[in-house]
Amino acid sequence: MPEGPEVALTADILEKYFKGKTLEYIDFISGRYSKSEPEGYDDFIANLPLKVSNVDTKGKFLWFELFDPNDKSNKWYIWNTFGLTGMWSLFEAKYTRAVLSFDNELMAYFSDMRNFGTFKFSNSEKELKRKLNELGPDFLKNDDIDISKIKKYKQPIVALLMDQKKIGSGLGNYLVAEILYRAKIDPHKLGSNLTDQEIENLWYWIKYETKLAYDSNHIGYMVNLENESSKIGRKNYHPNIHPTEKEFDFLVYRKKKDPNGNKVIADKIIGSGKNKRTTYWAPAIQK
């Protein structure tokens, strides 16, 4: 599942190619929206063409900002979430669901094998701000998050980190597993039971892992933008963090052993019934 770093890098690439370009049409050619169009779609189409002014993200939420060059007060927003398998490309990939047509024959495509990704169209800046305010601070983009709030909650730390509203946003299954392993924290441990030192260490590894995943990431969640990813500069998030690895890699996520040979357990901790989510951890390391 694409997480904060992939979504942020995707937005960087989309902005590089499409900022200042004019969107002429968007068509849903397959998937969940081919029969039932997203909220606001008809009104949005009626206002095209529109020029892209910005592509941005918060956590795992991406949005386009567009305006009418003849009436700059006429602003529109495309909301997008990636779900489990959503990704953007500059070519028509397998499982393409949405096609965005720009001037000068430029195209952007959204593919989604499992169809959990979402779109919404809105001309309300207030509605967008309300959506953004519902999300916690972006773990990749913010240096001053008060994660000591973790101690307020008698919930497993793995659940608190994956909750997009309580502490921060942008972390999912793979990042939380890797962060807790690096921080040597048992994912079952309640937030209220973490020591100040554990929280300080946790915050360091959140910054470290999100930065590393953004800077150099080839784990497969944005393969359709692999070529473009290698050509674009990275923003200097968490400037005081200096990863020693050249590339992000999984140490415990979907592994049977960690790099030192310690057993990795796949544990269902979050959710209930069939919807429980699996996390990976090494009991010999994480206490």
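Any Cβ shown, glycine's included, is placed from N, Cα and C.
According to Swiss-Prot, the active site, schiff-base intermediate with DNA annotation covers Pro2. The number of other Cβ atoms within 10 Å of the Cβ belonging to Pro2 (active site, schiff-base intermediate with DNA), over all protein chains shown, comes to 25.
Other Cβ atoms within 10 Å of the Cβ of Glu3 (active site, proton donor), summed over all protein chains shown, number 26. Annotation comment: Swiss-Prot describes Glu3 (among others) as active site, proton donor, evidence class sequence analysis.
A strand conformation is recorded for Lys58 (active site, proton donor) in the three-state DSSP classification. The Cβ of Lys58 (active site, proton donor) lies under 8 Å from the Cβ of Leu132, Leu135, Asp138, Lys141, Ser169, Gly170, each on the same chain and at least six residues away in sequence. Here Swiss-Prot flags Lys58 (among others) as active site, proton donor, drawing on sequence analysis.
For Arg277 (active site, proton donor), other Cβ atoms within 10 Å of its Cβ number 15. Look at Swiss-Prot and you will find Arg277 (among others) tagged as active site, proton donor.
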